[in-house]
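Database features, via TrEMBL:
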type	residues	note
TRANSMEM	5-21	transmembrane segment
DOMAIN	23-288	domain 'NADH:quinone oxidoreductase/Mrp antiporter transmembrane'
TRANSMEM	56-76	transmembrane segment
TRANSMEM	96-115	transmembrane segment
TRANSMEM	152-171	transmembrane segment
TRANSMEM	178-196	transmembrane segment
TRANSMEM	202-222	transmembrane segment
TRANSMEM	242-261	transmembrane segment
TRANSMEM	281-304	transmembrane segment
DOMAIN	290-343	domain 'NADH dehydrogenase subunit 2 C-terminal'
TRANSMEM	325-343	transmembrane segment
Amino acid sequence: MNPQANLIFIVSLLLGTTITISSNHWVMAWAGLEINTLAILPLISKSHHPRAIEAATKYFLTQAAASTLVLFSSMTNAWCTGQWDITQLTHPTSCLILTSAIAMKLGLVPFHFWFPEVLQGSPLTTGLLLSTLMKLPPITLLYMTSPSLNPTLLTTLAILSAALGGWMGLNQTQIRKVLAFSSISHLGWMAIIIVYNPKLTLLNFYLYAVMTATVFLILNAIKALKLPTLMTTWTKIPSLNAMLLLTLLSLAGLPPLTGFLPKWLIIQELTKQDMAPTATLISLLSLLSLFFYLRLAYCTAITLPPHTTSHMKQWRTNKPTTITIAMLTVVSTMLLPIAPMILTLI
């Protein structure tokens, strides 16, 4: 793709995100979402492969439907209450429609079917944007309207997302699809706490975005798209393999690593809200996703290919992204000891 065109699309993405997260009026928020959708479409379909075109079409149709529902929900609220302010969404029907629209935007169950397919048809760098930056505007809208949302509906969507995100990722061999189901599972954890402690949802999203960015950048550096390819990558750049192993375990939420922090805080908050059974259920469901993270980690670091290679291993890389990957890996694995400081900031 032409570098100037690429730059325009990236700037438009940032512009759309900024407009949505800084707006108070529903129409401005909707306009930001539309700019976002239109800017990401050429980045999805830039390879001109039929799979990429199919992914772009699916993405456009679902996002257009979700944006229509956002506009419909805000118009219904303005019709009944006379308010166009995002934080003044008080009409019950509008709240239900908005929850459905945001679930469709994010890929929460039962509106999750488009996300694995779109991620599978996109390049890794676009997949990184779809999994992190494109999730920020809808989560911001959820954050701003959280006091008036229906807790039962959100808890149901969250439990289903954690269950199906873990369950459907079990038999995947394509790494991008595994990461898509991992994203759905993490979104379940964010949705379950949004009504009770919205700041925890944002903390969870930020940490998830950092860990996912690390995984995508490493996969892009070692050019791995399938599990069998992952088994032979240790012969290329062993240092990146070690980073990938630690980041995957952190995404799984294992205790000494950063990924354990949001899960721990969410379980604690749910217990304070007298929702111990819900906390137990979502913790057990996260074991499903732990299995496929462990399988990825096993393929990355423990499996040896049948034939060893005779060429020299590349311990140092000259790629400019390597320093970024190293810094992101540190954040993805070592933030748990400074949890008290993080809690004072949120």
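Placed from the backbone N, Cα and C atoms, the Cβ positions cover glycine too.
These numbers come from a predicted model, not from an experiment.
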### Task
Could you name the stretch, out of 5-21, 96-115, 242-261, 281-304, with the greatest number of CB pairs under 8 A to the transmembrane segment (56-76)?
96-115
### Same-chain residues near the transmembrane segment (96-115), Cβ under 8 Å, at least 6 residues beyond its ends
33, 58-59, 61-63, 65-67, 69-70, 72-74, 76, 89, 130, 135, 137-139, 141-142, 145, 149-150, 153-154, 157-158, 160-161, 163-165, 180, 183-184, 187-188, 191
### Query
What residues in the same chain, six or more past the boundaries of the transmembrane segment (152-171), come closer than 8 Å to it by Cβ-Cβ distance?
96, 99, 103, 108-110, 112, 116, 177-178, 181-192, 194-195, 275, 278, 281-282, 285-292
### Query
Over the domain 'NADH dehydrogenase subunit 2 C-terminal' (290-343), what is the model's mean pLDDT?
82
